[in-house]
Amino acid sequence: MNDQDAMTTTAATAGRDPVARPTVHSTVRPTVPSTVPQTPRAPRRRVPRMGIVVGLFYAVTLLGAGGLGLLQPLLRVDPVIIELTQFGPALGVLTVFLVWRRGWRPPVAAGLTLSRPVLVRLLTVAAVATGIFAVAIGACALLGVDVDYTHPGALTHSFWVIAAAQLLGACAEESGWRCFLQPYLRTRYGVVTSGVLVGLLWGCWHVQVFAFGSAYVVAFLISAVALSVILAVLVEGTRGRNLLVAGSFHALVNLGLLLLLPEESGDLRAETIFSSACVLGALVVVGISAANGGPRTRRQERDR
């Protein structure tokens, strides 16, 4: 190649790449394993199916109450003072806690701390219970149904001893129904729906009423559902302090039946009147609550 060709080649090359590019040296370093400890992820909690939890609770509650009922005459405990079967729901809650003692924890609203909402509900409880029995006694008078009034002084034991024992038994029972089952079902259903479901299970738990015939059972279940709905509305918003409100209402109802109405004697007319008064009370409580912005259905809560 002559000098002219070399000059042409050099010029062409310079035209294509007139700027000299710097040489790039690789500075990639070898990967060093990280020595920073990694925080282990918490194991994912396995939430049991609601049907399994409720089924176990209810089975233990039924069997436990039956066993305690057989034990009561052996211990010579007067059922007028307290019925040991009332501790059956507490056994059901205890069993649920023991079975799922690791990981998932069932919701329990058994606080006893007094607060303004609790005090307001306690006054409401007294007013509602008084209203139910006033309506029932008035209806009995209009319809000619005898009111089986028992003077507190005529009871086999001191009225105040019975009242204290009734409150204890009612709280033991409500530790299962309104302190566990109600808030647990409340995680899926609305206030009224959960109250109806608890009321049906609660009513069927009183197996002794099935001996009085189907009509009596229907009337009894209606009263149980109505009372359960009342309690479901009243314990809403207590911030986990359901026990005192539910136990007080339950004890007042039991004392009222003990002194005023032969409701658990198999008298269908008395039971029908009492259940009607309970339904009226439930309608009033739900209506007042709805006028104040509640109770809410589960769908309404999701849409908030």
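For all residues, glycine too, the Cβ spot is worked out from N, Cα and C.
Annotation comment: TrEMBL describes 1-14 as compositional bias 'Low complexity'. Under the heading compositional bias 'Polar residues', TrEMBL lists 24-38. The domain 'CAAX prenyl protease 2/Lysostaphin resistance protein A-like' annotation in TrEMBL covers 158-255. TrEMBL lists 1-42 with the feature region 'Disordered'. Under the heading transmembrane segment, TrEMBL lists 51-74, 80-100, 120-145, 157-177, 189-208, 214-235, 242-261, 273-294.
Using a cut-off of 8 Å between Cβ atoms, the transmembrane segment (214-235) and the transmembrane segment (273-294) share at least three residue pairs, counting only pairs 6 or more apart in sequence. Along the domain 'CAAX prenyl protease 2/Lysostaphin resistance protein A-like' (158-255), the predicted structure has mean pLDDT 94. Listed by sequence, the residues of this chain that lie at least six past the ends of the transmembrane segment (273-294) yet keep a Cβ under 8 A from its Cβ atoms are 128, 131-133, 135-136, 139-140, 143, 145, 191-192, 219-220, 222-223, 226-227, 229-230, 233-234, 236-237, 257, 261, 263. Sequence-distant neighbours of the transmembrane segment (80-100) (same chain, 6+ residues past either end, Cβ-Cβ under 8 Å): 48, 53, 56-66, 68-69, 71-72, 106, 108, 155-157, 161-162, 165-166, 168-170, 172-177, 179-181, 205, 258. Look at the domain 'CAAX prenyl protease 2/Lysostaphin resistance protein A-like' (158-255): DSSP puts its residues at 85 helix, 1 strand, 12 coil.
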